[in-house]
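This report concerns only the one structure given below.
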Amino acid sequence: MSCPVPACCALLLVLGLCRARPRNALLLLADDGGFESGAYNNSAIATPHLDALARRSLLFRNAFTSVSSCSPSRASLLTGLPQHQNGMYGLHQDVHHFNSFDKVRSLPLLLSQAGVRTGIIGKKHVGPETVYPFDFAYTEENGSVLQVGRNITRIKLLVRKFLQTQDDRPFFLYVAFHDPHRCGHSQPQYGTFCEKFGNGESGMGRIPDWTPQAYDPLDVLVPYFVPNTPAARADLAAQYTTVGRMDQGVGLVLQELRDAGVLNDTLVIFTSDNGIPFPSGRTNLYWPGTAEPLLVSSPEHPKRWGQVSEAYVSLLDLTPTILDWFSIPYPSYAIFGSKTIHLTGRSLLPALEAEPLWATVFGSQSHHEVTMSYPMRSVQHRHFRLVHNLNFKMPFPIDQDFYVSPTFQDLLNRTTAGQPTGWYKDLRHYYYRARWELYDRSRDPHETQNLATDPRFAQLLEMLRDQLAKWQWETHDPWVCAPDGVLEEKLSPQCQPLHNEL
């Protein structure tokens, strides 16, 4: 028998088995964010609000997205299903038009059915609406993404509106910032990262609650995967400014919950959808494209506040975590035929009590933009990362906003002119990749020495390939037989050879 949360709680309260106040959950999401915060030891940037949240959180050092692309990542974290299973193979908007399958049971859908009030403020970027319904929604679908995703005063007021109209039900609020995403391709008047939007300068408008912070390009910390050039440093400095705006927005959102008297009843999670938009970052399944910040703050689990977890966790774990927080079971259902859907992620709540031994995470990417078909699958087991490039005969595709970025244009110009690039790779090896890439990050943290053909690692390679294939079968991956076979479920074996010399 199903029982809505408030009704069940009323009954259990009489029996002394239910909390007098409902639990709530707040998910804060950065857009193309990385480790630009004091909480993750970046001393060049000021992020006091994220740092304060980290002191009340368990900080995960080995958290990864399962896909390094905006819509697929958001769909995956809101369903607990990898992109190849939920159907969001690429970007949702405009000509790309990817959508999750109609029968997918998303987190907001399951929460709503269980009596939890749901809200979203900011960048949604997933569909269809029937799969991702929210009771309260202010997104790019009914307003300006700049206003609901970057104007932190507007975001603050929308959070207040959500809380003021709150009824007796517990709530799940999803605040999806548009910072620090690039905007030089779409709104160049606001700067490469929209760092000028709302800064009070002529024609830029003014965000009342934002105190802009400017950074000297000479002072930024250049990650190993970003060219150490003036163009890239200027890009990073602009990115820092928008990270600062988001950080102040995080502080405003948390203050609204505090003022409403619900912060101490609310599970707060902060993370990002994918890696930063720089070479080897977003759209890649390397470490820079998949490693994410992850802060989990539970008012009921202060034991590990301020601690660091080394456990390997995935954004696929967020749906089971939030369902666990609300004590809502995951249903048994099928999307196609009789294949029952099972979550491969796990609840992170046990990690808030004691350090777990979790050591494996998986990745799956098929598209970004509709023209960027470059399916990749990956598994990371402790410090070993295996990447399978299914279209390895083709050059790796570059997305539009990254292509026109100052960093990449400078890299192209330096490469064609034969000048030093200040980069740890070269474009030829970036474009053309081996089918299998195996890296030992304990000895090769920059992932430059491919061990896949080294006979000393043959047994490890086989083990990781088996792990990856097992996960692909469990998650009903249509690409499981590619590139040298075709999936035919009515035959045995189901992977039939193509004899294509691969």
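The backbone N, Cα and C atoms fix where each Cβ goes, glycine too.
Small disclaimer: the values here were computed from a predicted structure and weren't measured.
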* To do: May I ask you to name which of Cys70, Cys495 Swiss-Prot has annotated as 3-oxoalanine (Cys)?
  => Cys70
* Do you know which of Cys18, Cys183 Swiss-Prot records in a disulfide with Cys194? -> Cys183
* **Asp31, Asp32, Cys70, Asp273, Asn274 excluded, remaining Cβ within 8 Å of their centroid (Ca(2+))** => Ala30, Gly33, Ser69, Ser73, Arg74, His181, Ser272, Arg282
* To do: For Asn264 (N-linked glycosylation site), just give me the three-state DSSP call.
  => helix
* Asked: In sequence order, what residues of the same chain, 6+ apart, have a Cβ less than 8 Å from the Cβ of Asn151 (N-linked glycosylation site)?
  -> Phe197, Gly198, Ile207
* Asked: Which residues of the same chain, at least 6 positions away in sequence, have a Cβ lying under 8 Å from the Cβ of Cys70 (active site, nucleophile)?
  -> Asp31, Asp32, Leu91, His125, Asp273, Asn274
* **Neighbouring recorded positions, C-alpha within 10 angstroms of Asn41 (N-linked glycosylation site) - of Asn142, Cys183, Cys194, Cys481, Cys495** => none
* Which one is it: of the recorded positions Asn142, Cys183, Asn413, Cys495, whose Cα lies the shortest distance from the Cα of Asn264 (N-linked glycosylation site)? -> Asn142
* Among all chains shown, work out which of the recorded positions Asn41, Asn142, Asn264, Asn274, Asn413 has the most CB atoms within 10 A of its CB. => Asn274
